[in-house]
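The signal peptide annotation in TrEMBL covers 1-37. Here TrEMBL flags 76-140, 141-249, 250-354, 355-459, 460-569, 589-686 as domain 'Cadherin'. The annotation transmembrane segment is assigned in TrEMBL to 702-725.
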Amino acid sequence: ERRRQRMAVRRRQRRGPGGGRALLAALLLCVWCRAAAERVRYAIPEELGRGSLVGPLARDLGLNADELPARKLRLSEEKQFFTVNEENGNLYVNERLDREQMCGESATCSVSFEALVHNPLNIFHVQVSIEDVNDNSPVFSKAVLDLEIGELIPPGARFPLEMARDEDAGSNSLLTYQLTSNPCFSLVMKESPEGIKEPELVLEKALDREKQSSFELVLTAVDGGEPARSGTVQVRINVTDANDNPPVFSKSLYEARVAENLSVGSLVLRVRATDADAGTNGRVSYSFSNVPDSIRALFTVDSNSGEVRTVGPLDFEEKNKYLFGLGAMDGGGLTAHCKVQIDIMDENDNAPEITILSLSSPVPEDAPVGTVVVLLKVRDRDSGDNGQVSCELSGEAPLSIVASSGGSYKVVTAGALDREQASEHRVTVVARDRGRPALWSSRELVLEVSDVNDNAPVFEEAAYSAYVAENNAAGALVLRVQARDADAGANGRVSYWLAGGSAGAAGAAPLVSVEARSGALYAQRSLDYEQCREFTVAVRAQDGGSPARSSTATVRVFVLDRNDNAPRVLWPAAAGEAAGGAAAPFEVVPRSAEAGYLVAKVVAVDADAGRNAWLSYELVQASEPALFRVGLHSGEVRTARAVSERDAAKQRVVAVVKDHGQPALSATATLHVVLAESLQEALPELSERAAGAEAAAAELQFYLVLALALLSALLVLSVALAVLARLRRA
């Protein structure tokens, strides 16, 4: 953190007093450019602590703090190196960043990821460059370098020394070397064809093994960081007898190109060094120079043959070039060094990777064409044509896939959605590269379709007919109607209402009611066929959507007749029904009447209908049963024989009228007949009949008074007995 603050101070000092305004203008221009290109770039030093600020991401994307909760800003990177604050939209470090672990020896190091915002859905590409800080000291592979120098070697001879390795990058990895002061040796830097400065030990004056057989020097490597870091190695020089020819490599740089995924143990290349000396002084052995452990994990060198072979898997996606040093040493201790460069060729060994960034499911069925439902990213770690990817959708669904920037794809609706036909759609995203043979991968997408109220309830029948027998109980079930709604949830929940009746059925609506949930129609009261033979009601089915949809069906209710009305005799009227309370009517039949003479006609009606109203007539009582007969269906009372002088002058005829219901109901008609030639002759008979009626009435009145007197006497006697009983007990 202190190093980062010092770097910021030096940058402000270099900008001078007018640098602030220039920097602000540059920042505004940079933000505008980034917004236009949908890409945001930041640069931070490595080794920042967790929670360190990277930059105001929301502001750079053009979002203000008020709309952050609705836009739902989030990151899509697979490994969460960074995190975004949901309140202010700032980008922070989520874990410690080590540039050397992340990018190795690469000259540049950055982390790219996507920032997603919703409502509307959009994607922005964010790139954070990781700048190197001088956090690694130069390191030698050995603690001690042993050199053997023959005493006959003339001054000016040079001996390559092992180079130190610094894992930092840029100027932090530029090394300079220092050697402790000694009159016999000095240090010079040799520049290789690659521009790398290599340390060499220079013999300044001839050595005499008999005077001094060994020397101990300290080689110090200092990097270019600020503050600088250093590493040391002890150089032990053993003065030997004459081995005056060092090994010489046939090339200073050996190059090879091999395919990745080369099997372990495969030969990569062979280096060769020769030594002009003889015997052990001319026997050369090969070994790695100062190389990192990562090189030793992948390659090995045969000390005798100089063959370089693989000992680990090579992966082009991890690293496509390896550069390291090899050393050759003869038996006298003289060494030589060369460089080996191995280029890794890419093979199509990585299938495309499909990552779903956002899935909008469920999607309403009324979503317009072109609505983005899935946002995904496809990446192939191979390079060239092997890394070029194309995507397509497999499956029957109204969806299509559209390519976006930076390897992103959008799955959008290509047609109208209908939940009633398909409540979900399953499609497969197939990503295929252009390698030979091509590799592919797939990812299944399940898109649910949510319901909207786009269907009205539909009755099973447009018109219903119901039959109800009259005199039904109140609350009896008349009919059950049913409507179905293809929608789901509340949109498909149907309720029933009465929507009125037919124009000819005045007062029909109160006759029935409908249950809102089941659609059952119940009679509100007992129905009477004689008052209402049929009526029509309209039932409306309405769903629970908003706005609600409805439909109407017509229910026609027919009332069935029951035999609940007895026949009513219109003629002859009963005595109590005669006008003014007069005596019952009578018919005069001349004594000269022959058989078949029409005496009278019994007239009756029945309020029922059908068989319940079919009437038949029978003679049940007559003063002279053989004298009269009645027509079965006509009700005509006729003489069955000729009237004789022996027949009584007054005749009484009783006829019964029956209907054909089950059970049958009946009524009786009483006909008084006077046998006389004329009306004057019949009047005395009628007077006697009236007097007899008055006498019968007087007799009935007498009996009523007598009964009342007896009841009163009985009551008085009971009270007296009760009083006497109480007095006796007292």
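Counting begins at 1 with the first residue displayed.
Quick reminder: no glycine exception, Cβ is built from N, Cα and C everywhere.
Across the domain 'Cadherin' (355-459), DSSP classifies residues as 7 helix, 55 strand, 43 coil. In the predicted model, the domain 'Cadherin' (250-354) has a mean pLDDT of 92.
Secondary structure of the domain 'Cadherin' (76-140) per DSSP, as helix, strand and coil residue counts: 5 helix, 25 strand, 35 coil. According to DSSP, the secondary structure content of the domain 'Cadherin' (250-354) in residues is 8 helix, 46 strand, 51 coil.
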